[in-house]
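Under the heading signal peptide, TrEMBL lists 1-24. Annotation comment: TrEMBL describes 81-161, 162-270, 271-385, 386-490, 490-607 as domain 'Cadherin'. The transmembrane segment annotation in TrEMBL covers 617-638.
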Amino acid sequence: PKMKEDNCLHAVLICLGMLYYSHAVTTEKLNHTRPSLHGHHEKGKEGQVLHRSKRGWVWNQFFVIEEYTGPDPVLVGRLHSDIDSGDGNIKYILSGEGAGIIFVIDDKSGNIHATKTLDREERAQYTLTAQAVDRNTNRPLEPPSEFIVKVQDINDNPPEFLHENYHANVPERSNVGTSVIQVTASDADDPTYGNSAKLVYSILEGQPYFSVEAQTGIIRTALPNMDREAKEEYHVVIQAKDMGGHMGGLSGTTKVTITLTDVNDNPPKFPQSVYQMSVSEAAVPGEEVGRVKAKDPDIGENGLVAYSIIDGDGMDMFEITTDYETQEGVVKLKKLLDFETKKSYSLKVEAANVHIDPKFISNGPFKDTVTVKISVEDADEPPVFLKPSYIFEVHENAASGTVVGKVHAKDPDAANSAIRYSIDRHTDLERYFIINAEDGNIKTIKALDREEIAWHNISVFAVEVHKQHQEAKVPVAIKVIDVNDNAPKFAAAYEAFVCENARSNQQFITISADDKDDSANGPRFIFSLPPEIIHNPNFTLRDNRDNTASVLVRREGFSRQKQDLYLLPIVISDGGLPPMSSTNTLTIRVCGCDSNGSLLSCNAEAYILNAGLSTGALIAILACIVILLVIVVLFVTLKRQKKEPLIVFEEEDVRENIITYDDEGGGEEDTEAFDIATLQNPDGINGFIPRKDIKPEYQYMPRPGLRPAPNSVDVDDFINTRIQEADNDPTAPPYDSIQIYGYEGRGSVAGSLSSLESATTDSDLDYDYLQNWGPRFKKLADLYGSKDTFDDDS
């Protein structure tokens with residue numbers, strides 16, 4: 001607190017001293033340049049009197065120190081007017097930025113105080129206006145004047161870096177003094193006043209590897225040959241201190257992470273001098289044999305290694321490729337191996353960096369070599385044919401058992417096992433060939449036809465006798481050599497047309513031939529007429545000697561009425577040895593032509609039609625046929641309408657019809673006249689038949705107690721039960737109709753209803769006795785007993 005008071009007093013003295021000095025200088029200047037306010041006068045030109053006003057303000061810039069925290073307000077300065085005689089009649093007024101809030105003025109003495117703590121970083125200066133007025137009347141005694149209060153800076157802000165953490169990279173083995181990164185700090189204090197904002201950089205952590213420039217903050221390498229493979233990352237702490245780095249200054253720090261980037265400064269090295277590998281002689285080209293790897297501590301493209309074979313007796317048998325994912329050299333088989341021929345190989349493999357940095361070429365050479373020894377392992381190999389494929393020839397139509405050719409295979413192993421041969425029957429489905437299992441001779445089984453199959457492609461198996469799983473397969477192509485066994489024929493189904501008015505020696509068709517045999521046994525074709533018709537009076541043949549022939553008309557005047565069709569035999573011979581020939585028939589039709597030779601009609605029946613029936617006659621015949629068809633249709637329709645329907649239609653009254661059947665009952669002993677199962681369950685046969693005569697008024701549910709057992713043999717009880725159900729069921733069809741059964745029942749008082757003993761005429765029948773049969777036959781008695789009544793009514 002005492003120190004603060006000293007500072008405050010010092011500041012007040014400075015302000016007062018500056019104010020006094022400013023007042024003196026100003027007064028002196030005014031006294032030399034302006035007239036006094038106390039009535040001093042001078043005469044000007046032409047007797048004019050000039051008045052010089054003497055400035056009455058004593059003022060200048062005021063200063064106040066920031067961050068003052070004393071108990072009393074800070075005296076900023078004092079304002080005084082020359083006209084102030086000290087009697088208290090003048091009142092000082094302060095206005096402007098912070099007036100009345102931060103700055104207050106004593107209206108009598110003119111002393112200005114700061115009532116609040118000021119921060120230069122928030123506001124560096126304030127502009128205020130002062131004026132002297134009459135205390136009683138508030139009349140301005142002097143014009144208002146502005147002055148500035150500047151906030152004087154103190155070192156109250158430490159330096160701050162732009163980033164809390166920095167990350168930088170520098171290549172390994174960089175020279176001393178290589179720039180890594182520049183860090184920058186800032187200080188909020190006034191850089192124009194004192195050393196509060198003068199910063200100095202220093203390194204707190206990271207020696208002796210790195211250093212920092214005190215004024216710029218640039219970090220540089222301090223040691224040579226820093227090796228990334230030894231240490232890759234460094235942590236450096238940089239300090240920025242104000243007050244020029246002197247004691248008492250404020251400071252700030254930041255962390256810098258520096259990573260050494262890789263350069264190609266290490267050659268690849270094999271961890272061993274010899275690699276041992278083995279491979280089976282059954283391995284196929286491209287199969288992997290083994291891998292080698294040279295270690296390179298560098299990373300990225302600096303650590304890429306390429307492998308190559310530079311020497312050794314296995315350079316032609318093996319190859320090496322680079323697996324860039326694992327950085328390994330992959331040794332692969334290039335050609336087939338044979339244990340019996342060579343059992344081991346040696347390779348000299350080189351590993352070299354792909355990218356080499358010229359700066360570090362002195363660290364080279366950036367490559368290394370290693371010896372790879374490969375041993376060949378014996379394998380049980382399948383038989384091997386002497387040729388990869390075979391081609392044989394055989395004549396067509398050769399006799400069965402003809403030798404086609406011979407295949408040969410051997411066991412490449414030291415055991416040299418015996419071989420057996422067979423034909424893959426999937427390639428010889430028709431079984432044209434057979435092979436001797438011992439010596440591999442292929443023979444025909446049946447005659448071959450080149451025109452059917454010109455080439456036979458079969459496969460032959462060879463297996464070891466004692467090891468059936470060891471099998472080899474070879475393709476065999478058999479060419480069938482052509483034999484002249486096919487005669488030439490017409491190249492197409494020719495049908496020629498000749499005009500009735502054709503001229504003599506007129507050509508009307510050109511023919512050619514085709515031969516299924518090979519070209520050696522085919523053309524040239526020779527065309528001729530058979531000797532027996534060489535002097536044919538109608539047509540002649542001319543061989544064009546280009547495998548074609550022309551047919552010409554020998555005479556003039558053909559008639560379709562006399563002959564409309566001619567058959568001309570033509571002999572065709574081929575050029576084979578011996579030659580083959582065939583006789584082909586050319587069909588020639590006679591046609592009607594116009595004067596230009598264009599065909600009009602080749603139908604000979606047209607003349608017969610014109611001579612027979614006219615168009616009107618044909619129309620009449622067709623009309624008669626149509627009328628006959630109409631009569632037949634009408635007759636069939638009427639015939640169908642005369643048939644009586646077997647079912648009752650809606651418009652008919654069922655009570656006026658008696659449904660009769662031509663099947664008579666044979667009595668109780670007749671079991672073929674009816675089916676008892678049908679009587680027991682008639683609804684199961686035809687289903688429910690809705691009634692059509694009267695709409696039922698309610699639904700009837702049959703009583704289960706009235707239905708006898710399905711297997712009951714008492715037909716009388718069954719019929720009675722069914723009658724009772726029919727009488728009581730209004731929905732059961734037919735309504736009010738007679739139900740006829742082929743069984744009369746035991747002890748029936750009605751007797752037999754059979755017509756065998758009936759009279760032959762209706763007049764002999766008397767149905768009055770039906771009245772005595774009871775209510776069950778009442779309907780029947782009403783229908784037949786009242787016949788006379790109906791006749792009388794009619």
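Each Cβ is built from the backbone N, Cα and C atoms, and glycine gets one as well.
Unlike curated entries, TrEMBL annotations are predicted automatically.
Mean pLDDT across the domain 'Cadherin' (490-607) comes to 85 in this model. Across the domain 'Cadherin' (386-490), DSSP classifies residues as 0 helix, 47 strand, 58 coil. Broken down with DSSP, the domain 'Cadherin' (271-385) shows 10 helix, 56 strand, 49 coil. Assigned with DSSP, the residues of the domain 'Cadherin' (81-161) fall into helix, strand and coil as follows: 0 helix, 37 strand, 44 coil.
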